[in-house]
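Q: Take this structure, written in structure tokens, and hold onto it; I'll ask about it next.
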Amino acid sequence: MTARILDGIALSRTIRAEVAERAAALTARGTRPGLAVILVGDSAASAVYVRNKIRACTEADIHSVFDHMPADTTEADLLARIRELNADPAVHGILVQLPLPPHIDERLVIETIAPAKDVDGFHLQNAGGLLTGTPLFRPCTPYGVMKLLEHAGARLDGAEAVIVGRSNIVGKPQALMLMQGGATVTICHSRTRDLAFHTRRADILVAAVGRPKMITGDMIKPGAIVVDVGINRIEEGPDAGKLCGDVDFASAVEVAGAITPVPGGVGPMTIAMLLVNTVEAARRFAG
Ligand SMILES: NC(=O)C1=CN([C@@H]2O[C@H](COP(=O)(O)OP(=O)(O)OC[C@H]3O[C@@H](n4cnc5c(N)ncnc54)[C@H](OP(=O)(O)O)[C@@H]3O)[C@@H](O)[C@H]2O)C=CC1
Ligand SMILES: Nc1nc(=O)c2c([nH]1)NC[C@@H]1CN(c3ccc(C(=O)N[C@@H](CCC(=O)O)C(=O)O)cc3)C=[N+]21
């Protein structure tokens, strides 16, 4: 038996069509949703992601502002720009693409974004809100994973969920969301002693590591739902230049009950949830 493929492109299309309808309704009432995206420096990968976000906005008739700032932008200049956008009534969501150049304090940048415009859900107020149950915005990637699981009909209540990765933007918020959904959650990371021992117990396995194909079929419980958040660029060999996940798809698909592909799984869902958050920000602004 091979696993069912969880199609993130199809689901993200459905969600973006709903977003477009809500955006049009808000625009008709006088508030056109707006998203500002700031990119500092010229990482090729970041430029691709940012372009995809802007294109998704355009397709949903969401107003977008793209600020491409040079790599040597000072921290003070970036913070000043964020304060300007905080005060701009045409902008309801602000996203500063990460990572930032090393001379800029990421935490300070995130805390400068108005929590009501923090559509990434990274601000302390939203992180704390997620911990206690009532954030203004949920981080887009784990939020998108929850939507994929819901759409797949996954039963969270009482399920064993294992997350590999403990970052602030994926692993930790994912753990909180799955726990709130009723799962028993285990978080693994680079200090975990016997990774396969944990992953083999998972009914729901989420890989968010950044290591190509590290989760192999023998680490997966037969029938498990496997969600691959990893986005890795293959460096050499016949597939050089292509994307792959943290899961070794070829061996995993033979064992899992359902699995997300890379590309075409979690990535498109992240962008869809960014639009959901932006329209929600505009809806609140409109009152
Ligand atoms: N699809 C999407 O929309 C998105 C995809 N991504 C992708 O997801 C992946 C993870 O991103 P992110 O969370 O930001 O990455 P980070 O680098 O911030 O975190 C990686 C985590 O993996 C853990 N880890 C590293 N090596 C191992 C190992 N050998 N065994 C177990 N755990 C390990 C680290 O542990 P420790 O904490 O101990 O160092 C860390 O917690 C990346 O490939 C990224 O590109 C990210 C965001 C959005
Ligand atoms: N402030 C901030 N917010 C983010 O949400 C954020 C960020 N910084 N920095 C980088 C990560 C990464 N990320 C992705 C989003 C979409 C795809 C995506 O659409 N991927 C496509 C493939 C795209 C391609 O072909 O390159 C897919 O998986 O099918 C991937 C990765 C958001 N991130």
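Cβ coordinates come from backbone N, Cα and C, glycine included.
TrEMBL annotations: computationally assigned, not manually curated.
Not my notes, these are from TrEMBL:
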- 6-120: domain 'Tetrahydrofolate dehydrogenase/cyclohydrolase catalytic' (DOMAIN)
- 139-284: domain 'Tetrahydrofolate dehydrogenase/cyclohydrolase NAD(P)-binding' (DOMAIN)
- Gly165, Arg166, Ser167, Ile231: NADP(+) binding site (BINDING)
Q: Across the domain 'Tetrahydrofolate dehydrogenase/cyclohydrolase catalytic' (6-120), what is the average pLDDT of the model, as a whole number?
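A: Over the domain 'Tetrahydrofolate dehydrogenase/cyclohydrolase catalytic' (6-120), the predicted model scores a mean pLDDT of 96.
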Q: Starting from each candidate's C-beta and looking 10 angstroms out, tell me which of the binding-site residues Gly165, Arg166 has the most other C-beta atoms.
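A: Highest number of other Cβ atoms within 10 Å: Gly165.
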Q: I want to check the contact list for Ser167 (NADP(+) binding site): same chain, sequence separation of six or more, C-beta distance under 8 angstroms. What comes out?
A: Ala208
Q: Determine the C-alpha span of the NADP(+) site listed in the record, that is the greatest distance between any two of Gly165, Arg166, Ser167, Ile231, in Å to the nearest whole number.
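A: Spelled out: the longest distance between any two Cα atoms in Gly165, Arg166, Ser167, Ile231 is 16 Å.
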Q: Could you give the number of helix, strand and coil residues in the domain 'Tetrahydrofolate dehydrogenase/cyclohydrolase NAD(P)-binding' (139-284) as assigned by DSSP?
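A: Helix, strand and coil residues of the domain 'Tetrahydrofolate dehydrogenase/cyclohydrolase NAD(P)-binding' (139-284) number 53 helix, 26 strand, 67 coil.
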Q: Among all the protein chains here, how many other CB atoms are within 10 A of the CB of Ile231 (NADP(+) binding site)?
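A: A 10 Å sphere around the Cβ of Ile231 (NADP(+) binding site) contains 20 other Cβ atoms.
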Q: Helix, strand, coil residue numbers for the domain 'Tetrahydrofolate dehydrogenase/cyclohydrolase catalytic' (6-120) per DSSP?
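A: Result for the domain 'Tetrahydrofolate dehydrogenase/cyclohydrolase catalytic' (6-120), in helix, strand, coil order: 59 helix, 18 strand, 38 coil.
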Q: Quick one: which of the binding-site residues (Gly165, Arg166, Ser167) have their CB closer than 6 Å to ligand 2?
A: none
